[in-house]
Amino acid sequence: MDDTIYALGTPVPSRAHPGAISVVRLSGPRAAEALIFLTERRAFERGHSARDPALPEPRRMTLRSLYDPKSGEAIDRGLVAWFEAPNSETGETMAELHLHGGRAVVGGALEAIAKLGFCRMAEPGEFTRRAFENGKLDLTRAEAIADLVAAETDQQRRQAMQQMDGALHRLYEDWRTLGLRTLAHLEAAIDFPDEDLPPGIADEVHAGITQLRAEIAAHLDDRRGERLREGLHIAIIGPPNAGKSSLLNLLARRDAAIVSETAGTTRDVIEVHLDLGGWPVVLADTAGLRESGDAIEQEGVRRARARAASADLRLLVLDATSGWQAERDKLVASTERWDGARDIVVVNKIDRASVADADVVPVSALSGDGLPELLGRIEQAAGALMQEGGAPPLTRARHREALVECQASLARALTASEIALAAEDVRLAMRALGRITGTVRIDELLDIIFRDFCIGK
Ligand code: GDP
């Protein structure tokens, strides 16, 4: 981390989308020096030092011209600021250039920095990685930054903000503290086998591990966080020709699925991503649930069944013009884990036949009648499913894997035949927990996490 890195932090301006402003950031020991050479004409030739009085006060935006260090030509005029280490986002000396957001301006500025010869383009996520390396944030907070940038709905943003504020970090660190205290008791018992241990130590160790296991188990059971990051899965199911594809198209307000007169044309699972009242939703249209001799269609039906079984919510779509009550009873009987809270019965084609039943949502995919009521029902069901609990939810498969490993080690510790073995199991459990926050660092893991970031973050 001795080198100084730089990157455009805002989107790359194109001819169609120039920005009003583009921000270039630099981080590293020579960031302030770079700022002098870029803002003081001919300074690069004369070779000014970082102690130059031309440097503005740190953390204060100052209007400056930006020059090409070699030719001395003015590239742009804009606001610049610099931050003294360690009081910056990365913990290093940082500089920011707020440029006009045009292609030539941004291109010229990046080239000017390159001409200095002592800065290099940042890798994806490198700024955040440096912040992590310098102890500015733990891994759960770093991941929250990525989530915040990726957030598309209000609820996703709220979750990312909560995690960025350290809610998950605190939860996992509290568990680690509890585990390490238990470990200390066990180690004391190993180190002083002949001493009289204070009475009740064994009980205390047992109680500590049991409590930890119960808390982690409840956390693992809570799928809200992952649902919110990845979207709630809603499957549209129902007999062929009921209007499932039409309904999906209506909800998506675009032609995502093929609407056809022939039964059984929707052979695969088609997904549409929606924002329903702040909840991210992945709506899947499934093949008509009916027995068929056609191999491709059978496969479609199999996938539809699998999707329906794993969905968070299901929309059961029926045809108002053809005995929908009987179809409903048949489907309810054959659908796995049927549950009034998770399943919404939609009776379609009410432009052709009227439906009066308080338990179903009557709609017309053709005219759009009943759509607001249906959206309201989906939002309500999603809200109930995602109801706020006290503790921050688990958000990533990476965390889940580590916690499952932690649980397994703790379970072994409880049944270990010797104190030394129990201590080793608790130690392994704490290592797994430490991997989540980065207290226990594993370089390959860090590479994977930060690679998913965009350049300039
Ligand atoms: P799917 O097999 O369940 O996906 O059904 P489709 O969406 O392909 O629709 C089957 C047929 O019903 C098509 O001819 C649609 O135009 C028609 N349809 C769908 N929704 C409505 C509706 O609300 N009213 C009427 N009258 N026809 C509809």
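Including glycine, each Cβ sits where the backbone N, Cα and C put it.
In the three-state DSSP scheme, Lys136 ((6S)-5-formyl-5,6,7,8-tetrahydrofolate binding site) is classed as coil. The feature (6S)-5-formyl-5,6,7,8-tetrahydrofolate binding site is assigned by TrEMBL to Arg25, Glu96, Lys136, Lys457.
Under the heading domain 'TrmE-type G', TrEMBL lists 231-383. Here the domain 'TrmE-type G' (231-383) has a mean pLDDT of 79 out of 100.
When secondary structure is read from DSSP and collapsed to three states, Lys244 (GTP binding site) falls in the helix class. If you draw a 10 Å sphere around the CB of Lys244 (GTP binding site), it holds 31 other CB atoms from the protein chains shown. The feature GTP binding site is assigned by TrEMBL to 241-246, 260-266, 285-288.
Positions annotated as Mg(2+) binding site by TrEMBL: Ser245, Thr266.
The shortest Cα-Cα distance between Ser245 (Mg(2+) binding site) and any of the binding-site residues Arg25, Glu96, Lys136, Lys457 is the one to Lys457.
Of all residue pairs in the (6S)-5-formyl-5,6,7,8-tetrahydrofolate-binding list (Arg25, Glu96, Lys136, Lys457), the one with the greatest Cα separation is 19 Å apart.
Counting in whole angstrom, Lys136 ((6S)-5-formyl-5,6,7,8-tetrahydrofolate binding site) lies 50 from Lys244 (GTP binding site) by their C-alpha atoms.
For Arg25 ((6S)-5-formyl-5,6,7,8-tetrahydrofolate binding site), applying a Cβ distance below 8 Å and a minimum sequence separation of six or more within one chain yields Tyr6, Ala7, Gly9, Met94, Ala95, Glu96, Leu97, Phe127, Gly456. Cβ-based neighbour count (10 Å, all protein chains) for Ser245 (Mg(2+) binding site) stands at 24.
Taking a Cβ distance under 6 Å to any atom of ligand 1 as the criterion, the binding-site residues Arg25, Glu96, Lys136, Asn241, Lys244, Ser245 reduce to Asn241, Lys244, Ser245. The binding-site residues Lys136, Lys457 differ in how many other CB atoms lie within 10 Å of their CB, and the one with the most is Lys457.
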